[in-house]
Amino acid sequence: NHYSYSSPPPPPVVSSPPPPYYYYSPPPPV
């Protein structure tokens with residue numbers, strides 16, 4: 001077991017939801 005219990009667990013990978021327009025329109029140009 002090489003788990004580092006001394007260190008806090010990594011935060012869950014939960015990216016912010018995309019903007020509403022993303023669902024019906026292409027992303028804005030960069």
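Each Cβ is built from the backbone N, Cα and C atoms, and glycine gets one as well.
For reference, Swiss-Prot has these:
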type: MOD_RES; residues: PRO8; note: 4-hydroxyproline
type: MOD_RES; residues: PRO9; note: 4-hydroxyproline
type: MOD_RES; residues: PRO10; note: 4-hydroxyproline
type: MOD_RES; residues: PRO11; note: 4-hydroxyproline
type: MOD_RES; residues: PRO12; note: 4-hydroxyproline
type: MOD_RES; residues: PRO17; note: 4-hydroxyproline
type: MOD_RES; residues: PRO18; note: 4-hydroxyproline
type: MOD_RES; residues: PRO20; note: 4-hydroxyproline
type: MOD_RES; residues: PRO26; note: 4-hydroxyproline
type: MOD_RES; residues: PRO27; note: 4-hydroxyproline
type: MOD_RES; residues: PRO28; note: 4-hydroxyproline
type: MOD_RES; residues: PRO29; note: 4-hydroxyproline
C-beta crowding around PRO17 (4-hydroxyproline), within 10 angstroms: 8
Rounded Cα separation (Å) that holds between PRO17 (4-hydroxyproline) and PRO10 (4-hydroxyproline): 20
Other C-beta atoms that fall within 10 angstroms of the C-beta of PRO8 (4-hydroxyproline): 7
